[in-house]
Amino acid sequence: MRFVHIADTHLSNRQYGLDEREKDIYDSFNQCIEKIIELEPDFVVHSGDLFDRSNPSVNAMLTAIKGFEALKEKKIPIYAIQGNHDMPRDVSKGKPYVVLKRVLGNEFFKTFGKNNCHILEDIGIYGFDYYPVNKKSIIDEKLESIEKKINDIRNEGVKKSVLLMHQGFNGFLPLEELCEVNIGDIPEVDYIACGHIHKRSLVSYDEDSNHKFKSKNPLLAYSGSIDSLSEKEYYDYEKNGKGFYYVDFDNCDLDKNNIEKIDIKCRKFEKIEVYNQIDYNTLVNNLKKYNPKAIAIGEVCEELYEPLKAKLNEYTLYYRLVRKSDYEVDISDINETNIQKVFEDYVYSKGLDVNFVDNINHKMNSAEENYMEYVEDYYTANFKNSVIEKFIEENASENAKADNNESIEECNLKTTQMKLGNKN
């Protein structure tokens, strides 16, 4: 028995608001369908976020229906749960999974409602839809119900088990408070087919001494998204690829060697790190090669910003470019011993008085009430006299001009008087 684990297809997603990116998602989905048909698995599990929103576009629905109908023709059933993006917030709105069940048929497109279990030969396929962290009590109830079902049907010859979830496990999200599930809460299943985390991950808990299970150690798998939907995912795509997992479940003892990573091709991404002419030439030459055009994100030194921007307009679908300051510092390199030096260098680079800025910063942070007196004293000592001198100098100049003009007028008056006297 073999199956495909796929998740987070996010049909309808329009990254950067671009039609081309929405089409990219459809292309990635269609590539997955083609590869699934080539592999001829016994079934497919989809672990949520089939769509990017609960009211998907017509094109998204048509893409899903067309792809699943192609699987139906090959007699490959689909078991699917709803992710957080699939679920309508307004209960009065239509549910896309209900539409798919009506179009494709209940026997082919199987979901998990009150019946959280489907049996296919000797495999129990369990699952439930997404619940947020504030509904953890419901998640616990679902898991307890599944554990009871596993124990009930084990004696009936159902020895293998797959659990579909669209949740964040501890260790896979940046904050523990965001995690809805701990691995220790999971019933003893063979394979946990997860969605929600877009980075591909495969963990065998026989390698983790912190978690012990009574009879079997499960494989926890996030198949990841099928396309890059954030900047971080572009980097993960270069390292781990995008696509789905193909699981060989012929043996009861499932391990990583039974899991094959199936990759598809996605639009290229280029990280921009241009600090000199060589970097510039290398990046531009790479961008010229890509068809379709790549996406590029990163930073460039000030002097090459404008010329690179022109090239990016020509050779990329989308780019985000940041000017790199000569005085930017990697924060990971800053510690208590050199942070003062970094601060002083930056202030100096802006043409400011380092001591004054440092002192006023210290006085304001320490809530000293007399910090304005310090500013006035500094102004008086460093600027007031020079301003007064400049004022006097400017006024003296104006007075000199006025005196000069007055002398000219007096001379003209005397000349006129002399002319008039001669006439008389």
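All positions are counted from 1 along the displayed chain.
Cβ from N, Cα, C; glycine included.
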Asp8, His10, His198 bind Mn(2+) 1 per TrEMBL; candidate in Asp42, Asp49, Asp152 listed for that same site: Asp49
Cα-nearest neighbour of His198 (Mn(2+) 1 binding site) within the listed recorded positions, Asn84, His85, His166: His166
Integer Cα-Cα distance in angstrom, Asp49 (Mn(2+) 1 binding site) to His196 (Mn(2+) 2 binding site): 7
Same chain, 6+ residues apart, C-beta under 8 Å of the C-beta of His10 (Mn(2+) 1 binding site), given in sequence order: Ile25, Asp49, Phe51, Asp52, His85, Ser225, Ile226, Asp227, Leu229
CB contacts for His196 (Mn(2+) 2 binding site) [other CB atoms within 10 A, all chains]: 23
